[in-house]
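Trainee: Annotations for this protein, taken from TrEMBL, read as follows:
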type	residues	note
TRANSMEM	14-37	transmembrane segment
TRANSMEM	58-82	transmembrane segment
DOMAIN	72-189	domain 'VTT'
TRANSMEM	88-109	transmembrane segment
TRANSMEM	167-190	transmembrane segment
TRANSMEM	202-219	transmembrane segment
Amino acid sequence: MSTKQEKKQGKGKFIGIIVAIGVVAFLLNYFGVMDYIKIENLPKIRTWIEGFGMLGPIVYILLYIAACVFFLPGLPIALVAGVAFGPIWGTVWCSIGSVLGATAAFLVARYAARDMIEAKFGDSDQFKKIDKGVEEQGWRMLMITRMVPIFPFNVQNYVYGLTKIKLVTYVLVSWITMLPAAIAFCFAGGSVANGTGNLGQTFMYLGIAAIALVFLSLIPKLIQKKNSDVLETAEDA
């Protein structure tokens, strides 16, 4: 295949991706999904997901994937898992959705729309710092940026797709580091859903959520002490 043909195919693929993204974005706007992804709309989102019956978890996971790909806020979606499915299954579906969403954005950046993502983030400080960190620290850089709020979560998903980190490493480390937040938010959402039910169970859910949140708040400090070299890499560049 000639260079000219490769460029033509690449251009066609790029246009196709742009059109697909545009169509999905239009549909999300048309059906009001983007406007609904807010904490105050949790009951509406729950009702909407429950309306799909047994397909509810699949719809929820697809919604989470769309949120990661299109930079929608993740907190309301994480909370709604606990509200709609309860804290246990909510954590399961939330964890799956967040990992698949992060992986989808990663794959878009690495294979489907690399030129577009490079044009968007290639010269940014975020990319330079993360790329340097992956080169020098490997998976530890991913762990740090997931647990310590240095870079926006959704930006990370795309930027890591431009680095040399392996897909398996990215998925595994992302899942492990995002799980505590999923537990905290889903149990918090579960306590809201159970607010008019068993009072003891409600307090139990709130207690688990509180413990998870305290754990999350302590992690950055522990990481900063034991991984100062990685943080220096992230803060330099």
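Numbering starts at 1 and runs along the chain as displayed.
Backbone N, Cα and C define each Cβ position, glycine as well.
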Trainee: If you average per-residue pLDDT over the domain 'VTT' (72-189), what number do you get?
Mentor: 87
Trainee: For the domain 'VTT' (72-189), how many residues does DSSP put in helix, in strand and in coil?
Mentor: 99 helix, 0 strand, 19 coil
